[in-house]
Amino acid sequence: MFTSIGVHVSGAAGVLVGHPFDTVKVRLLQVQSVDKPLYRGTYHCFQSIVRQESMLGLYKGIGSPMMGLTFINAIVFGMQGNAMRVLGADTPLHQFLAGAAAGFIQCVICCPMELAKTRMQMQGTGEKSASRKMYRNSLDCLIRIHRKEGVRGINRGMVTTVIRETPGFGVYFLAYDTLTRALGCDADADYIIPKLLLAGGMSGMASWISTYPVDVIKSRLQADGVGGANRYDGIVDCVRQSWRREGWRTFTRGLTSTLLRAFPVNATTFATVTLFLMYMRENDDSMKDCEPMQPNLQHSSL
């Protein structure tokens, strides 16, 4: 119970810190035209959204990750812990495999959640108060997509989500395990908070760098068809068209804002949940019988 509370609180903090960066990433990937770019870069995109849509524009679509937060974290932490117990020895390979298994399983929640988030983030671009909103909120977005396209519609981008999340979580847990061991992140270590922040932030960045090109394709497929006909016939066609129109740089577009988001989100999530669990263990004897997912510390979600 204490673990789930700590994970939820830390995850909510991470979403609040990082969502504006995610909105910028989606805008740079989806709204931008190669011939007539709307934004000159990450900083200009931030400025434009705040000026044209107010600060609330940066938080469009936040309801979806907030709704899916508890379910995703429960799946990830539960699956990773169980996988490590089944695999036995705490080795780098087992850390990767356990993380990959956790990433694969949580896609069932992650894919619809990110579909709604992406659609909401694109809605009313450049308008402080959109004259005609297609979706009232994230839940209404999923309901409308289901009515129009069925189960297949709300799982649009599932294959690319699996391709991104499976190795992505594997890299994340592997990097996290390596960094915490190298930094000496024991409960009684000196400068524990800066070490936790650094380990969590760097692990999140490593994970995103390893799978970012796949995320570009996933985001474009999930945004495809908004306000018009579908542009892409599938994953291969999306890759082909993106490469033909924009070259290799298309697969790194929005990476700066993603990395700016990855560090504070994972640093905040990781430090919050770890310190929360340390505090609860010191004040509740029953926590001492709880088996952590790896020695001394817990992991944070992407």
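Note: Cβ is positioned from N, Cα and C throughout, glycine not excepted.
Taken from TrEMBL, the feature repeat 'Solcar' covers 1-86, 90-182, 194-279. Residues or ranges marked as transmembrane segment in TrEMBL: 57-76, 96-116, 259-279.
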Counting by DSSP, what is the helix, strand and coil composition of the repeat 'Solcar' (90-182)?
72 helix, 0 strand, 21 coil
Quick check on the repeat 'Solcar' (194-279): DSSP residue counts for helix, strand, coil, in that order please.
72 helix, 0 strand, 14 coil
Using a Cβ cut-off of under 8 Å, list the residues of the same chain at least 6 residues beyond the transmembrane segment (96-116) that approach it.
61, 64-65, 67-68, 71-72, 75-77, 79-80, 83-84, 87, 135, 138-139, 141-142, 145, 154-158, 161-162, 165-174, 218, 222, 299
